[in-house]
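First the structure, in the form of structure tokens, and then the observations on it.
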Amino acid sequence: MTALGKLLRSTGGLGTVVLVLVASLPLWFIQSSFVLSVATLTLIFMAASLGWNVISGFGGQISFGHSIFFGLGAYTTALLQVRYHLNAYVGVVLGVVVAVVLAVLLGAVTLRLRGIYFSLATFALTLVFAILTGHYEGFTGGEVGLTLPLLGDAPGQFSFDNKVVFYWIATLLAALAFVATWLVLRSRLGLQLRAIQADQEAAQASGVLAFRVKLVGLAISAVPAALAGSVYMQYVAFIDPDSAFGATVATQIAVIAFVGGAGKLWGPVIGAVILVPLQQLLNSSLSAYPAGFNLVVYALVVLVILWIEPRGIMSMRIRRRTPRPPARDAAPPGDSVPDPRPVDAVSATPSVPTSRNGS
Amino acid sequence: MTTLVQTLVSGILVGGLYGLFSSGLTLIFGITRVINFAHGDFVTLGMYGAVLLFASLGLSPLIGIIPVAILSFLIGAIVYRVIVRRTLSVKGISAIDAQHGQLVLTLAVSILISNLLLMFFGPSPRAVQGVLPAVYEVFGVYIQQARLVSFLIALVVFLLLYIALQRTLYGKAIRATVDDRDMASMVGIDPNKVYAVSFSVGIMLTGIAGCVLATYYPVTPTTGAGFLIIAFVTVVMGGLGNIVGAFVAGLLVGIIQQVTAIYVAVDLQDVGLFLAFVLVLVLRPQGILSGRKASA
Amino acid sequence: MAASTEPLLRVEGLTVRFGGLVAVNDVNFTVAEGELLGIIGPNGAGKTTTFNAVAGAVRPTSGTIRIGDALVSGRPPERVARLGIARTFQSVRLFKAMSVAENVTLSASTVCPSMGASRERAAEVAELLGMQALQDSRVDELPLADQKRVEIARALALRPRLLLLDEMMSGLNQAETRDLIGVITTLNSDGLTTIVIEHVLRVIMELSHRVLVLDHGVMIAEGPPREVMSDPRVVEAYLGRSAAANLGEPA
Ligand SMILES: Nc1ncnc2c1ncn2[C@@H]1O[C@H](COP(=O)(O)OP(=O)(O)O)[C@@H](O)[C@H]1O
Ligand SMILES: [Mg+2]
């Protein structure tokens, strides 16, 4: 309860307002099933990207392999139902377990790598998962993918006729992921991850068990990604290797956070709110645009945002004509004195739509 | 035995092209430290260049090399000037943030290129048909003319690059920058020029590799993703920034791929490669062909 | 010199090679509990490499390092830090974009049971160094002298048994140097065993109980400051070159 109280007071105050607002959207704003679906997917990918933010945003270990955990969540949930006829909720829980175990195993190998090497290794590994899932079709359904059996309205089996329920589940998932990353950020783990990001040698000289901290960070960050995969599976009822482990999902989870602001608590939230609707709008079968157009627009939007501010929207400054405070004396050579004015302001969100599935 | 020799020969022939576009990537990374996530798509761009020139003007890819090379160089220069330079000029940005910015920006360039290609050419595979159609048989081993000629071109272009790096003023400036960037700028080499030239030359080599690869390799808008990983595997195996290493590793990567395809399963040919990649990264991050110790 | 029966740090036969280069060559020394040892030597003599070996950042090619009964050599730097060896870096390596308090709390967090205790420890250290006013400043906005203090604070938060200070005075003006000498002396007289690497001889003369001279990785002299300074080998190896000017006015 004390944690909750603190949450409500600090960033949680804003968080609660946003949560109430988002949860109530279907009651007063979302009128079409298309918009509802866009909103649901936005929240699902927001959750995955919030998870990514723990190891990559706070810890600075840029993963292009969080699709591994997303895909494991989705496939575990699906396979347990299709192959073993188990309850979907068992699949959700086991999906998390499988993802965390693999995070630890893969992390034990890849987290010894620094910087870009870690990114490349995780990217290669997710493509390995995609290829293997396609190859062992007897079990996984191969390239054709897996479709969930139609169960109709069966809340006990994680199946709902009313799609608003999925929206609320996705809202809950994103909210939990947000709270989890917020708690991590305030904790010893978060501080140590940030120190590793800033300077791993200096962190180790201060006694930080860097490898272990990164491993724990990766394991934690796999949980929201796996849950996102499970909820996605139950919601869309279809998965194939490419939409689970492929390069598009792999990079999308990271790009959402980068556009919003990697390492910033609200970064993945803002990134998802801009990018996922962008992806869905032009990608819907309703559109008459040629194939590829959606992703061209998506890429341009990402380019423009990051061209303006490579650190993402959360780092954009509102230009004000206040005089600069006098520079302090003797700043270290090579380091410009940063503008000490408060900055984390969100500028107007661009409203260009796009999508990036199925090219 | 014949199968093995056939596998090795196929691996080496395609590996020469891997080596060429990977030496482009290693040139870019070794000097500018930019992780070019769009690298594979520049190969694809070269391939579509060959397809387009052949389909519209009837121009053989062997001649198409020249316009493709010039265009690739220019595109490289623009991408460097407009996108990469930008991340370095933002006020108060840290080196790490700048590098992450480049990573995501080049990733967006990759999405942009592959989907522009999808818009204009559609999703189905395209190829340059009927150029260099002969097949030679040497002691029971079959060698396609297109593969052989492509390999030879890759080798020649690579040797030209090597000589240019050894002999020309820019080449010397580039090598000086790889060895010690602070020292290089102290002796009056303008790093910005060196960066721009090496980025553009790197993309040019990549475009050339794509152009000749199109003589036998069908291209789709998404072909680039595979080449991206292949290029990174190759560059890491050869030792980052090591140009000769990249070319030799390219041959090795071609062989690993072919051996996996023939002796394990065709659709798993990249799994062996990617796992080898992760192992190389973990066990010998300085590359398997480099004697130097890794600095990263 | 502080008299003590058992040395706190014992370095035996320390050799560090980088490929063909022998950066540290068969160096032996001990540091007594409560002592303040100075290490001097020209650029590239192997001083920082010796520190790196003691701190676990560089693996010795051969030789052993012990603190108390515990073996240091062969352990990773984070374990060495937890054994009680804390260090600063020759070029300041703070966690940029973090506040002073966060920088210090971070290292406290590796030895304290909770975040609350870590924050208390950080506040304690800040008070000890008189930095309370700076707590919320971002470290990369501070002047160099303050950044160096934060590095000391970050090291102290570990409750070290041994403090390693690498060229703290470089880049500081006279007044700042004087301040920092005061800080180091106070910490040492409160019982903290310290090794300082310095380029400025005046500082070493003033601070150290005992001085050790390295040249080309070899220890060429050792003893009380004044004796060492008049050793002909030291004069030739060191003073003859870079620091003759400093010798003119021993403090
Ligand atoms: N990580 C390293 N790799 C290779 N050579 C190094 C490394 N660290 C130091 N050296 C070399 O070891 C020698 C001693 O360096 P150092 O200990 O930094 O000297 P000092 O601190 O006395 O100036 C120098 O020649 C330096 O170039
Ligand atoms: Mg030094």
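Heads up, residue numbers simply count up from 1 along the chain you see.
Using the three backbone atoms N, Cα and C, a Cβ is placed for every residue, glycine included.
All annotation found in TrEMBL is predicted automatically rather than curated by experts.
Between the listed ranges B:83-102, B:103-122, TrEMBL ties the annotation transmembrane segment to B:103-122. Ranked by number of Cβ pairs under 8 Å to the transmembrane segment (B:225-253), the listed stretches B:12-35, B:103-122, B:142-165, B:194-219 are led by B:12-35. Counting C-beta pairs under 8 angstroms (sequence separation of 6 or more), the transmembrane segment (B:142-165) fails to reach the transmembrane segment (B:260-283), with fewer than 3 such pairs. A contact links the transmembrane segment (B:103-122) to the transmembrane segment (B:42-59), because at least 3 Cβ pairs that are 6 or more residues apart lie under 8 A. Within its own chain, the transmembrane segment (B:42-59) is flanked in space by residues 21, 24, 67-68, 71-72, 75-76, 113-114, 117, 121, 126-128, 131, 203, 206-215, 217, 219, 221, 223-224, 227, 231, which lie at least six positions past its ends and keep a Cβ under 8 Å from the stretch.
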